[in-house]
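Notes for the one structure printed next.
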Amino acid sequence: MSYEFDENFDVIVVGAGHAGVEASLAAARMGCKVLLATINLEMLAFMPCNPSIGGSAKGIVVREIDALGGEMGKNIDKTYIQMKMLNTGKGPAVRALRAQADKALYAMTMKHTVERQENLTLRQSMVDEILVEDSKVVGVRTATNQKYGAKAVVVTTGTALRGEIIIGDLKYSSGPNNSLASVTLADNLKELGLEIGRFKTGTPPRVKASSINYEETEIQPGDEKPNHFSFLSKDEDYLQDQIPCWLTYTNQESHDIINNNLHRAPMFSGIVKGVGPRYCPSIEDKIVRFADKNRHQLFLEPEGRETEEVYVQGLSTSLPEDVQKELIHSIKGLEKAEMIRTGYAIEYDIVLPHQLRATLETKLISGLFTAGQTNGTSGYEEAAGQGLVAGINAALKVQGKPELILKRSDAYIGVMIDDLVTKGTLEPYRLLTSRAEYRLILRHDNADMRLTPIGREVGLVDDERWNIFKIKKNQFDRELTRLSKEKLKPIKETNEKIQALGFKPLTDAMTAKEFMRRPEIDYATATQFVGPAAEDLDAKVIELLETEIKYEGYINKALDQVAKMKRMEEKKIPENIDWDAIDSIATEARQKFKKINPETIGQASRISGVNPADISILMVYLEGNNKARRKVD
């Protein structure tokens, strides 16, 4: 079938949540003509759940997005009300930044960025159909019967895809925050042959700030020391009058209220059918699963400077409204709190992610990409990371350039995408530091070193960011070289100085770099013996030097593992491989290979249920085929 289009674009992005804005901005900045279509422009980059960006693993993802040339880091640095570095008492691999956002300002600021972006058309429009010819995407059709042509389409519909909100025994069609649900498009994706799943997530009630008794809660202030998500942000712009959060707890009375009303809880009455998030369960689920716990933490998080709404983090629920009120009033500090918004659960359709390539393009339809909660993830950061990769690859496909695949050793974004396309997910997927086997090289402090050259190569990193990066990289390289050459000798004067500082004296000569490997020796101490750098070093360069030097042995071991895995990743598997033709392979492995259709030996080796023997047989089979082809040639 041939279509007549009302307008033509290179890339169309469907949905303007956190995935959609990153996808559309990336493609537009790479020179493509882009349409960003969304049901409601007021919901662009909206935060329907928690008013925060970052956190464990997620904060590193935001840094990675920024390093590649994405927008989330810059946007939150302009709109936060509190900033805090997490896990400071632990090793550098798990440290991550978290910001409380002014959620209205965050969305408004991002909307201004999108509106001003060259090559990007923003349109309030509901897309009902992905138009496909000969298994290739050619455009979209809207609810108003407008047809827009495109060489690539990125679907980032979030929880709107056949969304249904649930509160007690009330269930109605809706996207997040009572926006319209996208039902016709959900039907269309299924008709196109994509396998669809059904997930559930939820949000807690909001209470009025002036009705909270803060004296009964524990204050949670932000950090005084400047920290930023974007590598472009400056310390002098760090917010001084930050707004605190507050900590309180559930108690036995709270738990009794929930237990006495479980028969009215949609999760337990059978109303909720979708699979919920393991790492962000509802309060009723927590009370049942962790019956031995006599209390659970609740954080009271302001939703912005110009609003009275406070998000009760940890109290996600779909209990009936009257039960939610009773529950809130059982909590210390909230005895007289006024509930402004009711908590709710939302069920929605997802595209099962094993159907995707590592570029986030569907295997079934050329030019059709999906990203964000559409792929079964949870969280704004996970969505934004996928949106960025999908937008980059949509642009590269249109431009006829090589695709971008972030490996597990490149970024947490790469870990997430590999997990999704290789293992799939049976529940809303959340990034955790424990998912990354190379986490010591995927740190908060080195995201730019890892990814800014990649962003530059694909055309997303502009001259300003590139020059800032080069200055930092050159400073780091020069000072690391100097510290590797400058020596401390075990002479009397040096050892007396070391002992005066309370440290063990030298027995052998060593470089300043070797001296810094001692746990107690930081950069400032080392330079007392070898002198300062020839230039004033940025504090972030010093932080990077200390981490790279102190953990060098562990980092090198990780890099050795990366090199071994790289060899596996370079061994490609033909798209048209006949899995039934491989003798002796285990039945479970054959079934998994058929379902996922891995692209490399490395990916095949990470599929659950596939053992080393299966991989050995597969490699022998591929080598035999290669030899046969070489003889024919």
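Placement of Cβ uses the backbone N, Cα and C atoms for every residue, glycine included.
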Out of Gln324, Gln355, Gln373, which does Swiss-Prot tie to the same FAD site as Gly15, Ala16, Gly17, His18, Ala19, Gly20, Val127, Ser182? Gln373
I need the least crowded one of these binding-site residues (Gly15, Gly17, Gly276), counting other C-beta atoms within 10 angstroms of each C-beta. Gly276
Taking the Cβ of Phe290 (NAD(+) binding site) as the centre, count every other Cβ atom within 10 Å, in any protein chain shown. 11
Have a look around Arg278 (NAD(+) binding site) and count the other CB atoms within 10 A of its CB, chains all included. 13
Using only C-alpha positions, which one of Gly15, Ala19, Val127 is spatially nearest Cys280 (NAD(+) binding site)? These are the binding-site residues in the record. Ala19
Pairwise Cα distance for Gly15 (FAD binding site)/Gly276 (NAD(+) binding site) [Å, integer]: 22
Should one count Cβ atoms within 10 Å of each candidate's Cβ, the binding-site residues Ser282, Gln373 would be headed by Gln373
